[in-house]
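**Q** Pulled the feature table from Swiss-Prot, pasting it below:
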- 25-45: transmembrane segment (TRANSMEM)
- 57-77: transmembrane segment (TRANSMEM)
- 83-103: transmembrane segment (TRANSMEM)
- 109-129: transmembrane segment (TRANSMEM)
- 135-155: transmembrane segment (TRANSMEM)
- 187-207: transmembrane segment (TRANSMEM)
Amino acid sequence: MNGARIAFWPKKEQHQLFNLSFSAMMLALALIASFVSHFISIPFLSALKLTIDISSVFLIACAFFVSYSWALVITVALSLCSFIWDGNNWIGILTLTIANFAIVSFTRLYFHIFAQIKLRWLWVFSLATLSNTLLLTTLNGLLITPLYWYWFGYVPTANFVEVAKIYNKTPYFHFFLFGVPNYWGGIFALYSLFNVIKFTLVSLIGVPVMRAFQKFYWKKAQIVY
């Protein structure tokens, strides 16, 4: 067993078949969601290469209805497939991969904590949203934004300390972070808002999806450890 999960089939052969088919279905849905989100243009966010990608909903479903390890496998598969339509944006794919790993891990963690209470999915997704927002906002300030600016030649180094100094004394850069003159203030203003919007949307879709899957399989499924 790989922690708490939803188990369906009593026979080993049936369980393996379900793992393969359900994981393949979730990967297909995740690919569709990720592909479509790449072409949805949102003012200002699109200029900063920020997309609202909800593919993590299906990775989370795989983590609970199959296993955490299978969810990680299809997360990697999703990232590799993303190079087909977004091959030049390796930093964005790296960020999405980290975000997907994190949201899957946080939902698993909070499910362990709130598995026995009512409205558990609401608690799980709400806390996972807050945790992922804090993690990814901080990571953007430390790594992603400096790396992105360095890759495109905006700054001479990817060291976040030096990048922050350059940003603070260069008004031209303030456009990228909502016009906030302080680097970390701008990072938290932009990426906190972006991640809250993104993962709130993931939660709004994820809660009914998880409840629907659980209800559909309820007679065959039970939470096991």
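Glycine too: its Cβ is placed from the backbone N, Cα and C atoms.
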**Q** Would the transmembrane segment (57-77) count as touching the transmembrane segment (187-207), if touching means at least three Cβ pairs under 8 Å and pairs must be 6 or more apart in sequence?
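**A** Since 3 or more Cβ pairs under 8 Å link them, the transmembrane segment (57-77) and the transmembrane segment (187-207) do come into contact.
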**Q** Using Cβ atoms and a strict cutoff of less than 8 Å, what residues sit near the transmembrane segment (135-155) while being 6 or more residues removed from its termini?
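**A** Residues 49, 91, 94-95, 98-99, 102, 162-163, 166, 173, 183-184, 187-188, 191-192, 195 contact the transmembrane segment (135-155) from elsewhere in the chain.
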